[in-house]
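Reviewing the structure listed below.
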């Protein structure tokens, strides 16, 4: 991973008015809802939303604008580029998700509802991991299409899981329901850590599925970038 690439990517993202507007809409209302409900439930998965907002188009927009041709004319490897995009997007999502969670905790505490320390720690860790999970998926999808087409692919994928689930229920096809669940888990990787708060025990299968989704997403992204043909005719 390249710190310079990560810093430039972050700077580019925070200078986008559209992304900042979406960030505001995703950051403030959940905190207000937490204040009203005196609960941290509205801010449990903020990092995934922020990672989606700031990682969307991570590769596709560079392809559409011609930035990649200029970037790869320098000593920058394609694998390094992909991993840097993922790390930057994951860090942005995780940092903003944790910031939202901590701010909501202070707001809830001001209402006399002190969050349980173990629950707060669990939510912090879930937000940190969730940001990197979503960033990996979006980077992968962004290597497949130009511009912000990765968002359309992501939404289409989630809608497909809903359709498949309904079809499975109608036909009583358990295999199709499981396939839809796996696809949904791949597109929305999350790692529940309730066992840290004494809620059940750790599920090894769930843990492996989460990290496998990240590894597979990054492997696909790197492979697609390695095979992508870029035109330098305009140089």
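Cβ coordinates are placed from backbone N, Cα and C, and glycine is handled just like the others.
Annotations in TrEMBL come from automatic prediction, not curation.
Residues annotated as transmembrane segment in TrEMBL: 20-37, 49-73, 85-108, 128-146, 153-173, 193-222.
Taking residue pairs at least 6 apart in sequence, the transmembrane segment (153-173) and the transmembrane segment (85-108) share fewer than three C-beta contacts under 8 angstroms. Long-range contacts of the transmembrane segment (128-146) within the same chain: residues 45, 47-48, 50-52, 55-61, 63-64, 82, 85-87, 89-98, 152-154, 186-191, 210, 213-214, 217-218, 220-221, 224-225, 228, each at least 6 residues beyond the stretch ends and with a Cβ under 8 Å from a Cβ of the stretch.
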